[in-house]
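Over in TrEMBL, the protein carries these features:
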- Asp30, Asp75, Asp212: Mg(2+) 3 binding site (BINDING)
- Asp30, Ser45, Asp75: Mg(2+) 4 binding site (BINDING)
- Thr46, Asp47, Asp122: Mg(2+) 1 binding site (BINDING)
- Asp47, Asp75: Mg(2+) 2 binding site (BINDING)
- His54, Glu263, Phe319: substrate binding site (BINDING)
- Gly121, Asp122, Arg146, Ser214: ATP binding site (BINDING)
- Asp215: Mg(2+) 5 binding site (BINDING)
- 28-138: domain 'PurM-like N-terminal' (DOMAIN)
- 150-253: domain 'PurM-like C-terminal' (DOMAIN)
Amino acid sequence: MACGEFELIARYFDRVTSSRRDVEKGIGDDCALLGVPEKQTLAISTDTLVEGVHFLRDIHPADLGYKALAVNLSDLAAMGADPAWLTLALTLPEINEEWLKDFSDSLFELLDYYDMQLIGGDTTRGPLSMTLGIHGLVPQGRALKRSGARVGDWIYVTGTLGDSAAGLALLQHHMKINDPAVHEALIKRHLRPMPRILQGQALRDLASSAIDLSDGLISDLGHILKASDCGARLNLDALPLSAVLRQHFEPQQALRWALSGGEDYELCFTVPEINRGALDVALGYLGVPFTCVGQIAPQSEGLTLLQDDKPVEMNLKGFDHFGSR
């Protein structure tokens, strides 16, 4: 039996599994009422996800529910923020209750994991899309930004790069791998990215700048360089590629995915020389590898790609919604 908008909200999205003390009023009124703790700064990010643009049409709703929240959490990670609240505006072509159950169950599982609360939103009819507004809290004066990199700072990334792009290529049948375990592992990296929340928080007092890798290392590092009025030297030989990527794909293909494939949702950040020792301690115990891949240079140098300590040229760019196709 189909349900109307308000019944839909009540059945699938009005859950109190994680009721935060700073939520005075959540779903059920014209606005949510929130209490921002003293000496905390509110960090807010908004993302719109459209079927066929940001996710494949045949994606399982459970994967979509997870990824929609995870990519927004990655924005909070890049600012060093603690996750707090979420709003969700959902546009649906039809009411499919099985789809809604799988989507909302996965969404709330991740919300609960990070002690977050869904505080409001909207539903309407139309082509499948969603807009999420995520809110986090960060101690005053300690938020990470793109604009703090300085000449001489070292450039780092967390995790490995390029696996998500490989997973997308497999989903789109552009590539084929005969090993089922490897196939599933790469697809999982695309559909179920892990937001680096703890790493972002650990970097608050160590990193001079940070960004999450959504559009590819070249593009996203470029945002740091533009905001910081700097250049950079990027060591291609140091890029962290997974063993799977190295074993199953040509080196140049793996390198291109690592540089411009996008959707890795790792962190790229810069650290002054004086903080490198503390960085090893702060991130070392979290269990996710981090790799130095270059150094900030004067703005006049632009972005230089180095291989075997020699400058190389590659025709690369990250994802751009309005770029030429």
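Backbone N, Cα and C atoms are what each Cβ position is placed from, and that goes for glycine too.
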> In Å, rounded, how far does the Cα of Asp47 (Mg(2+) 1 binding site) sit from the Cα of Asp75 (Mg(2+) 3 binding site)?
Replying inline: 10
> Using a 10 Å radius around each Cβ and counting other Cβ atoms from all shown chains, which of the binding-site residues Asp30, Asp47, Asp75, Asp122, Asp212 yields the largest count?
Replying inline: Asp212
> By the DSSP assignment reduced to helix, strand and coil, which category contains Glu263 (substrate binding site)?
Replying inline: coil
>> If you measure from the CA of Ser214 (ATP binding site) out to 10 Å, which binding-site residues from the list His54, Asp75, Glu263 are inside that radius?
In response: Asp75, Glu263
>> Please give me the CB contact count at 10 A for Gly121 (ATP binding site), counting all chains in the structure.
In response: 18
>> Using a 10 Å radius around each Cβ and all protein chains in view, which of these binding-site residues has the most neighbours: His54, Arg146?
In response: Arg146
> What's the CA-CA gap between Glu263 (substrate binding site) and Ser45 (Mg(2+) 4 binding site) in angstrom, rounded?
Replying inline: 17
> If we check Cα distances from His54 (substrate binding site), which of the binding-site residues Thr46, Asp75, Gly121, Asp212, Asp215 wins as closest?
Replying inline: Asp215
> Compared by Cα position, which of the binding-site residues Asp30, Asp75, Asp212 is the closest one to Gly121 (ATP binding site)?
Replying inline: Asp30
